[in-house]
Amino acid sequence: MPSSDVCKAGSHRHSGWIQSLKKPGPFNLDAPENPEETLKSAFSSKILIIGAGGLGCEILKDLALSGFRDLSVIDMDTIDITNLNRQFLFNESNIDEPKANVAASMIMKRIPSTVVTPFYGKIQDKTIEFYKEFKLIICGLDSVEARRWINSTLVAIAKTGDLIPLVDGGSEGLKGQARVIIPTITSCYECSLDMLTPKISYPICTLANTPRLPEHCVEWAYLLEWPRVFLNASVDSFSKQEVFEPLDGKNSNFEPDNIRHIDWLVKRSIERANKFQIPSSSINRFFVQGIVKRIIPAVASTNAIIAASCCNEALKILTESNPFLDNYMMYVGEDGAYTYTFNLEKRSDCPVCGVLSEVYDISASSTVTLKDILNHYSKSYNLQNPSVSTAAGTPLYLASPPALQVATSKNLSQPILSITSVDVNLVITDKNLSTSLSVQLREC
C-alpha cells in the first residue's frame, strides 16, 4: 500500500486500528493526537525476522497482512522436500534454493505493498551495525545457540544506548511459546536457560548390554554398530557385507538423509530388538530417522498460533496501543487449547544481563522524584542517558527509542512512590554501565 494511503478511516482495512488509537482506554490513557501518523510510523518500522522455516513463514505472512511494509528476513538454510508440508511459501520448484530468498519473493508477489529484503547466511556473520538498523526483531528459530547469540548481541547493543525489543517464538509439536525481551530491562533468554528440557541421551552401558526400548536398539545401531562396521570400511566392504546398495561417495560417514543408510539402521535395530525380545513393530524408516536426526514433529497449527502471538506483540510494541506481553506465554495444544502467561524474573547473576546492586533509603512521605534518583546515580556511575524500569520489567523511563522516550518521560517528574512502592527494585541501564544497576528502594 502506498505510504500516503496507509489510513483512510472508514474505508481502509486498518480503520479499526485508527479508531482504537483515537479512543483512550484503561491501557491507552493518552490517545495519540494523530493516530494516522502513529499507525503510519509503526507500519513503516524496519523489522527483522530471523528464521524462514515453519514459524518464520507464518510470521512473515502475518506481518505483511497486518500492514508492515519494511521487512527483512535472514536464514542460513536451503529448502528441502520435507519442508513443503508446513512451510507454505515454498513449493517443489524451490528445492535447494535459499529459504530467505524464496520467502521474500513469495510475500512480495502476493502482497506487493510489502518490501521484504532477504539475507542468506548466518546471523553471526552480520555486524552490530546491521542489527542497529531495526526497530524490532522477531525470532522464529529452532536453535538454542542462535537464540543465545542474538540475545547477547541485543543486550550488548542496549548497553550502548540503542534499545531493540526482541520477540521470540518457538514451537515443538503441539507446544509453543512466545516471549517479549526488552534487553537489559526484562529477563533475557540467558536468564531462563535452566528451563530448557535436556536432550534425551542413554547411557552407553545400557545400549551395549541391557537395551529395554526400541529407541535403545536404534541408538545402539547408530552410535555403536555403524562406527564398528564402517568407520574405516571401504565402499566395497559395505556392498559385500550387506544386501543394500553401496554407499554413495568415497567414505562411509553416516548420512541421515541417505535412505540406504537409514535402511541399514532399520535392519540392525530390528535384529537387536528381536535378540532382546523387545517389540520391533514401531521400528521403521520414519522412526529411525526421527531418532538419529533428533526430529520433533512440526505442527502447522502450532506455528500459526505462536506466529499470531508474536505479531500481535509487534503491533502493541510499535503502536503503543496496549501493554505488551509481560513477558512469557506458553501454549499447550495436546488436550485442547491451553495458554498461560507469567513473568520470567530477571536473574541478578545472569552472565549476559546481570546487575550491579545499590540501596536507596526513602521515607514513606518522601517527594523524591524518579529524576532525582537518576541524577543521584548519574554522578556516582557517570551515567549519560539512563533508562529505568522495575525488576518485574515495568518500564518507568526509557531513553530510547524516541517513541518510548516520549511515552515514559512524564514519569521523570513524578514522586517515585506515586509510580512504584518501597521495597521495589529499580533496574537502571546506561551505555556507561558494564551491566545493569539494581537499586532497592528501602523504607527508612
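Every residue, even glycine, has its Cβ placed from backbone N, Cα and C.
Record features, source Swiss-Prot:
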- Cys205: active site, glycyl thioester intermediate (ACT_SITE)
- 54-78: ATP binding site (BINDING)
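Taking the features listed in Swiss-Prot, we show where each one sits on the structure.
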| residue | record | Cβ contacts under 8 Å, 6 or more apart |
| --- | --- | --- |
| Gly54 | ATP binding site | Asn83, Arg86, Gln87, Gly140, Ser171, Ala298, Ala300, Asn303 |
| Glu58 | ATP binding site | Gly140, Asn303, Ala304, Ile306, Ala307, Ala308 |
| Asp62 | ATP binding site | Ala307, Ala308, Cys310, Cys311 |
| Ser66 | ATP binding site | Phe43, Cys311, Ala314, Leu315 |
| Asp70 | ATP binding site | Ser44, Ser45, Lys46, Ile47, Val115 |
| Ile74 | ATP binding site | Leu48, Ile49, Ile50, Gly51, Ala52, Ala100, Pro118, Phe119, Tyr120, Gly121, Ile123, Lys126 |
| Thr78 | ATP binding site | Asp96, Glu97, Pro98, Lys99 |
| Cys205 | active site, glycyl thioester intermediate | none |
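In the three-state DSSP assignment, the secondary structure recorded for Cys205 (active site, glycyl thioester intermediate) is helix.
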